[in-house]
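A.B. asks: Quick one: the structure is below, and I'll ask about it shortly.
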């Protein structure tokens, strides 16, 4: 084979005669190999043809109307860039609701509080005020009318002494001929009772001290003393004052925890020690801390175990003495918290605490849940102590500076 191919190569370049070389026949046996070899030169030309054809075919294929390049899917009309959602016309900034003319806080709150006060005093008012109005209308002035009035005042817990004072003044007015009928008597009663509260309507001024203004809160357990402290602290804070609390009721763990809860809620520092610690020591530490930190107001809680009243009163006296070692003017306010629902019992409490530490103000709570609110007139008549605050509900704003004329107006207001 190799010889044959060598020969084939030699013959290929020479100018070949059309006649094949006669020597080739005898030397090459007729084998299938030869046949295929001979066939090779014969197919050489055609072999190129397929390639050419292929090229042609390819060319043709290329030329073949390129399967009409699938009409390049007309580039899906680039989804017309969704018209950029016309920047949603920025919701025309809702015309900033013209800042509602800030509800003039004063008038609004006053009106709101008066309505709540009137509602809170409804039970007391059924005995005094609007309740008495029906007693006077269309009646002539006589002893029977005065007796009925006296009964109404006593039921409202105005107290025997104060009721006697009121009846006496009304009787003198009738004798002088100033009163012609029941309506005139009713008008004089309202004026007289408003006068009783006018002298004790003195708000607490916490700006009068050179250092921390110290408020010592006293009162028996259960009157709302600790809650009142929390509400006062929040109100002073809202007025821009810095406040500190002293947990001086060391005999009740609940009182300390309650005060600490108020402190955490309003970010107010609370000075406290373990249960059973010396109350005077706690308050002494608190006053020193308040002075060093330039705190505006220090409110100190105290125990209220009236069953051990002698020990309690001695403890309060000790607290006052200890405070004066740091600030001779402290405490600047000794405020007694009273539950209006205790009625005449509030009178005995006021007398007891006043004798022990010399009260400078009162706070009357829970007026909204009692018909004994008349005790406020007895307190004013017998002690002439400023009534600093009254509580007519659970909310912080339901503890309000006392306003005598407003209180009487709400008490005597006609029912809706």
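For all residues, glycine too, the Cβ spot is worked out from N, Cα and C.
Since the structure is predicted, the reported quantities are computational estimates derived from the model, not experimental observations.
Straight out of TrEMBL:
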- 1-110: region 'Disordered' (REGION)
- 8-20: compositional bias 'Basic and acidic residues' (COMPBIAS)
- 37-55: compositional bias 'Low complexity' (COMPBIAS)
- 65-105: compositional bias 'Acidic residues' (COMPBIAS)
- 219-226, 301-305, 365-368: GTP binding site (BINDING)
- 386-399: domain 'SRP54-type proteins GTP-binding' (DOMAIN)
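Show me how these features fit into the shown structure, please.
C.D. replies: Applying an 8 A CB threshold to same-chain residues 6+ apart, the list for residue 367 (GTP binding site) reads 120, 121, 124, 340, 373, 376, 390, 391, 392.
Taking DSSP states H, G and I as helix and E and B as strand, the domain 'SRP54-type proteins GTP-binding' (386-399) has 3 helix, 6 strand, 5 coil.
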A.B. asks: Enumerate same-chain residues with a sequence separation of six or more from residue 222 (GTP binding site) and a Cβ-Cβ distance below 8 A; give 'none' if the list is empty.
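C.D. replies: Those within reach of residue 222 (GTP binding site), by Cβ under 8 Å and sequence separation of 6 or more, are 304, 339.
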A.B. asks: List every residue in the same chain as residue 302 (GTP binding site), at least 6 positions away in sequence, whose Cβ is under 8 Å from its Cβ.
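C.D. replies: The answer is 216, 217, 218, 248, 249, 279, 315, 316, 319.
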A.B. asks: So if I measure Cβ to Cβ from residue 219 (GTP binding site) and keep only same-chain residues at least 6 apart in sequence, which ones fall under 8 Å?
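C.D. replies: Result: 225, 304, 336, 337, 338, 349, 353.
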A.B. asks: Just name the most isolated of the binding-site residues 225, 305, going by other Cβ atoms within 10 Å of its Cβ.
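C.D. replies: Across 225, 305, these binding-site residues, the one with fewest Cβ atoms within 10 Å is 305.
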